[in-house]
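The next block holds one structure in the form of C-alpha cells; read it before the comments.
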C-alpha cells in the first residue's frame, strides 16, 4: 500500500511540474522555462546526492554524450510549458505519456541505444489505435474548450506535438539511464540537468539579444519555481516505486497520479473541465492501459 501511494504521489509531482512550467511560460518563454527548471532540478539533485553520500558526485568515466538527456529535457520542459498554456495540463500530460509509449515501442523494436531488441507485437495495436482515437475525440469533440487555439487544424498539430514531446522524453530518459550506470540515479540526474541548464542558458541569452531579461523571472509566480524540486523529488520516488512493484502496476498508479493531478490543476486554473475533453482523455487512458497490459502479456 505504501508504494502504491508513493507511485501516485510521484505521478502527481510530475503533473504538477508540467502545470508550473505552464505558469512560467508566459513570463519567460520556452527557453526560459527549460533553463530555470533544469537549473533548479540540478541544484536539488545535487543537494540530495550530498545528503545521501556526503560527497560531490564524480563523473567516474561517464561518456560526454550521456549528458545529452539534459539537452532533450530543455525542449521537453520548455515546450510542455507552452502546451499546458494552450491545451491545459491534463491533455498535455495524457498525450505526452502516449508519445512515450509509442517511442518506447520503437526503441525496443529496433534496439536503439544498445537496448535489447524486443519485436513489436500486434496485440499492442488496439492500445495504440485507442490512443489515436482519443486524440481525434479531443480535437473534434472538445475543440470548443481550447479558447486560445484559433482553429481545429492548429489544435490537431498541437495535439500531435504533445505526443512528439513524449517521444523526446524517452530519449532524455535513455541518456539519463546511461549516466546512472556510471554515477548513480540521482547524480545522473544532476549531470544531465546541469548540462541542460548550461546549454539552455546560452540559447536563452542568444534569443534575448545577449541580455538577461530578469524582469520575466521576477514577476513570474514564485510558486511556479517549485518545478525544479518537484522534478528532482519525483525522480527519487519513481525509483522507489519501480524497485518494489511490478512495472505494470507501478506505471498504472504513476499514471493515475499524473492524470488525476492534471485534471485537478485544470479545474483550479481554468475553472472548468469540459466533458468533450474528459471523454478524449478517458479514451487515451484506456489506450495506455491496453498497451501496458499487452506489453506485460506478450
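Cβ atoms are placed via backbone N, Cα and C, with glycine included.
No curator has checked TrEMBL annotations; they are predicted automatically.
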- Taking 3-27, 28-52 as the choices, which stretch does TrEMBL tie to transmembrane segment? 28-52
- Are the transmembrane segment (90-113) and the transmembrane segment (247-265) close enough that 3 or more Cβ pairs fall under 8 Å, when only pairs 6 or more apart in sequence count? yes
- Message: Please tell me whether the transmembrane segment (271-290) and the transmembrane segment (90-113) touch - that is, whether there are at least 3 C-beta pairs under 8 Å between them, with each pair 6 or more apart in sequence.
- Response: yes
- For the transmembrane segment (219-240), the distant same-chain contacts (Cβ-Cβ under 8 Å, at least six residues beyond its ends) come to 3, 6-7, 9-10, 13-14, 16-17, 20-21, 23-24, 27-28, 33, 36-45, 48, 77, 185-186, 189, 193, 254
- Item | Residue numbers, six or more beyond the limits of the transmembrane segment (187-207), whose CB comes under 8 Å of its CB atoms | 29, 31-32, 34-35, 38-39, 41-42, 45-46, 49, 57, 59, 62, 66-74, 78, 172, 175-177, 179-180, 231-232, 235
